[in-house]
């Protein structure tokens with residue numbers, strides 16, 4: 001029988017000292033809360049980053065290809081990609097899909113209201129998965145319909161212009177001379193990002209081709225969606241390197257640097273919070289261990305008098321402390337994962353969408369993250385707890401037995 005394990009178990013289970021029991025419970029609660037907060041912090045930050053990234057890349061794609069010229073306006077110069085560019089995009093296994101698009105500034109007039117908008121034209125190859133996810137009313141464009149006046153507008157624009165599904169309005173395209181087209185609303189979406197909701201309407205790219213007198217196959221750009229967003233930069237670099245000379249490309253991180261820079265700063269906040277929570281848990285356990293040692297000074301003296309070495313006595317208290325850490329970890333996992341699951345299924349905790357781009361607190365829990373947090377907590381607590389356990393070696397058996 002391992003004497004250290006046996007005595008540590010008796011101390012942990014049979015302790016009748018009221019004060020030490022209270023301190024031990026506080027220490028366990030500290031570890032529990034620290035781990036739960038760390039789990040939730042990582043889950044929230046990862047969930048938040050994923051949701052925001054998906055919203056931005058969902059609307060403008062992961063990589064945008066456009067014509068290289070000195071045109072600095074929002075409306076890009078038209079081009080027709082050559083066979084080499086199209087062949088590369090089709091055979092690249094890292095690319096999930098790609099499709100043409102074009103944009104053109106316009107003005108909506110309806111119900112006595114006027115609103116500036118950017119008309120985004122797409123065709124039947126467009127990936128509707130993102131828009132379908134954020135549709136609040138209506139449906140997507142039916143390109144089989146001979147009429148090309150179908151349009152999707154944001155919920156913000158619909159409320160601002162007092163429009164609903166089935167309503168029609170005039171859109172005046174900004175050019176010389178100005179041209180106008182009549183559209184019928186078939187869908188209303190709400191992405192939750194102000195720049196997108198206030199700035200865009202989605203329609204048929206042939207509208208822009210007609211207004212600009214483009215050729216049937218001309219486009220303002222190509223949006224590319226990658227299969228693995230974590231590998232965006234090398235994929236974007238590869239796309240750029242394989243384009244024909246007249247074309248250039250830009251990743252979504254380069255198109256919206258302010259959003260992705262902001263998201264990267266969240267990682268710093270997470271690291272600071274993890275360090276603080278780890279410190280809280282460690283301090284609680286160190287305090288509990290010191291009090292247990294002081295309350296059992298007489299027992300320590302007796303064990304030493306019986307010939308048990310300092311190392312063995314240290315192990316007794318260290319095993320006991322690790323046992324308490326284990327209890328805290330189990331409870332912390334239950335609490336943290338329980339809250340994460342509850343929030344994922346109910347979305348109880350809400351956010352102000354205009355400020356945070358999301359209507360609720362997102363959660364994204366990964367088993368590896370939880371496992372690493374548990375392992376790190378055990379290792380750090382064990383290493384730190386060795387220091388106060390050294391106090392045992394300084395206790396004299398004679399004085400300890402007389403200690404009251």
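Each residue, glycine too, has its Cβ placed from N, Cα and C.
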Annotated range (TrEMBL: transmembrane segment) out of 248-271, 272-295: 272-295
Transmembrane segment according to TrEMBL, located in which of 316-342, 343-369: 316-342
Counts of helix, strand and coil residues, the domain 'ABC3 transporter permease C-terminal' (272-397), according to DSSP: 103 helix, 2 strand, 21 coil
